[in-house]
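Notes to accompany the following structure.
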Amino acid sequence: MRLPILGLLLGLLSVVSALSVAGSKLLVIIEDGADKSKYSQFWTGLENRGFQITYRAPKDSSLSLFEYGRPAYSHLLLLPVKAKALGPALTPNLLVEFVNGGSNILLALSAEQAIPSAISSLLLEMDINLPADRTSVVVDHFNHDTKSAAEKHDVLLLPAPTLKQNVKNFFSVGGLIAFPHAVGQVLGNASPLLSSVVKAPSTAYVYNPKDDGEAAPGDSFATGSQINIVSAFQARNSARFTVLGSAEALEDKWFDASVQLPGAGKKAEKSSNKAFAEKLSAWTFKELGVLKVGSIKHYLNEGSQKNIANTSAVASLDLNPTIYRIKNDVHYEIEVSEWEMDHWAPFNPPAGDKLQLEFSMLSPFHRLNLQPKSQTANSTIYTQEFRTPDQHGIFNFFVEYRRPFYTNVEEKVTVTVRHFAHDEWPRSYAISAAWPWISGIWVTVGGWIVFVAVWLYSAPKEAKAKTRLTIPSQQTIDMTGAFVRGALKRNHNYRRNGLKSYVHAIQKWNIGPTVDGPYCMVNQVQQQGSQAIMRNFGEKVGGRAHVKGHILAKKDASGQTGNVPAEDVENNAEYLATVGIGTPAQNLALDFDTGSADLWVWSTELPASTQNQTSGNEHAIFDSSKSSTFKKSSGSTWQIQYGDGSTASGDVGTDNVNAGGLVVENQAIELAKTLSTQFEQGPGDGLLGLAFGSINTVQPTPVNTLVENMTAQQDIGKNTELFTAYLGSTPPATSTSSGTSSSSSDDAESFYTFGYIDQDATNGQTPVYTAVDSSQGFWMFDSTSAKVGDKTVPRTGNTAIADTGTTLALVGDDLCEAVYGAITGAKQSSQQQGWVFPTSTDLSCLPKVQFAVGDTLFTVNPEELPFQDLGDGTYYGGIQSRGDQDFDIFGDVFLRSVYAIFDQGNKRFGCTQRASTLTSSNTTAGAKAE
């Protein structure tokens, strides 16, 4: 009784010793009636290696790859079948789940059998592509067996596969391998899990026998080394999936067949199919290329434990500590084995490859090659020594080894790295380099004691009485600084001309007109200066900026485009303010512009030809040599450039500026040195910008605006860092040859204030404010609605800019259509490139137009709608299209209808509504104000 039991145990032990690492249960899928004896030598070889083989038909009702939710078999071998489908137990999803469960698959294909769609779908999941016609075969006229395929050339004879130098070759055999009726595969480039085992020669190609002719078709599925005869896929869980393109290569007749390559001098030889089949199945079923990690050790390698790894065993208390200190010397070692058919052996990486250790937190602080220290009968021990970084935190000892044809190694050990403890640092008084700092501490303590003594025993000086500016009783605002009110005078050369004002606006704001007319934008250019605003506000505006726009041009009678003449935009400023610059003061008439942040003037640095030309505009020219307070700013320059290419540039200095009696010291003055024709023929003696300083064009360092310096020098109080604008209203009059002349109300009051709000101008109203977005340097605010008569025009997400330097009000085309659609006879004029309406229109027929400032609607007074009498029975409208610009521009047409408050300190814009200047008796749109 004992002898049979002992024999059984010895038999089981011999079987177990030869098993694959993944298990011995192998399921073979082969059709009923198929001749299994064709593969008898292959089956015998598998059984001799300890595999327990189960044969099933693909549509066997008892077939199941899983048992109790886990794979029922360790390995699966799929042979070609004639059926178009594999059955419910072998769907692509189940096969993928089988691999995800850790089991391995060897798939054998044949061009003699149509490939089931389930197999094609499964391979596509792994980025392996097969020919679409499913019966194509790989042929080669130079590497085929002349004995068995002398005519069809479809039995390939290939040498043993050759892999990269740093990849271990588990498939190397001597002699030629026969691949009859092989199915070619093309591997995708995206997956790092795919590897090629056997590639076709450069002379091979994929051929469909059903096609006419024997030559390679021009649109062949693949050719040459694109074709893989054998390919391997190793999943992230190290499960293996091998595709053998020739199932016949496993048959007995090819295991020891006599084969011969074509060509003179080629001799017949025995095929190496048996050896290759054994190695391919051994790798697929994890008898080769399996790595195992044994013990992992890490410990401190300094102080009393220095070099302990080389002298004796490490004590268990010191092994694998969970906490290290920064700048500790650490020893790490890992034991790695490799399975070779029936035993564990020491693992040695291929030549040129290394096993590496990372000591990482979020990213590696160390990445070091592990060095082999010693070997046992079954493993290799790799070690490395390093110093922990000067960084505390949670770190990992991380060994990751992922190479083709080897199972993955991923070992992570987490430890804490702490700072030095307080008693581990040397005392500061023992460090000579710390003595100056220790001395400084005691000097500071002594100085503080002396300061306290002086403070306690010194008599304070008598405080001087502070002076306070008296504010007239009608001003309700409390101020600690000064306030000023200055007059804005009308430009005596100004003549209303709608088209010129519109051209000036599209030139200034780089607008592409959407209304047909003589002006258009052509060619992308490089703009400089705060006036060259970008349509895309993703970039900073002001200074040097690339404008994603075009240059302004004018069409002639033939439709050709050319430069815009200077006379097309001359006399565009209606309001000027007298400002004194220098000591003694030199008075200049400047254009107050809330769309700019520059203060530039005509200067004696201009060429004599420019200073002497007037063209009806006499200019006051600032002479810096006559000012005792002028200082040149070395290296500073400025430049402004409009959308039509007109420019102004020069040098920079500082001087005193008198605005309405308030003197600002050391204000930056930009002296014009060059002016293009458009600037030479412009009105005024320069420009005073009142936008935010972020768009100032002085280089290399932008300078403060006048308002910013008023606040910095406490000329106006911190709580009243604001200015206001009250523009006198003037209705249009009759047409002249050069435009529309001003009315008899040229003396209509216009003024500005700095540091306070004129309560008389508010007419007892409380100003309504809205927040300003100053990120681009302009007075930009939300204007998300408008109203024309009783009709509300929604304008979701719309914004607007308040600009005293623009004459017209420019809004979206939809709002223009709503305004002029409510006026009988209004139309778009291509000659005037804007909206016009009949001069016979009564005021009672004009719609009530309201624009939103924040959430409040303000009315555009009716006398502002007829801007210019064109002399042909029509008026040029005061409200025009903003073109392709994405925000509204509320110019003087709107600002004359409100009292505008620019609160720079609180970054908000406010308004109060002003009454219309027309009396009830003035019923015609062209009537003059009395």
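A Cβ is built for glycine as well, from the same backbone N, Cα and C atoms used for every other residue.
Residues annotated as signal peptide in TrEMBL: 1-18. Residues or ranges marked as domain 'Peptidase A1' in TrEMBL: 575-912. Feature annotation from TrEMBL assigns active site to Asp593, Asp803.
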Exercise. Which is it, of Asp593, Asp803: the one of these active-site residues whose Cβ has the most other Cβ atoms within 10 Å?
Worked result: Asp803
Seminar exercise, completed: As a whole number of Å, the Cα atom of Asp803 (active site) is distant from the Cα atom of Asp593 (active site) by 7
Exercise. Where does Asp803 (active site) sit by DSSP, helix, strand or coil?
Worked result: coil
Seminar exercise, completed: What DSSP gives for Asp593 (active site), in three states, is strand
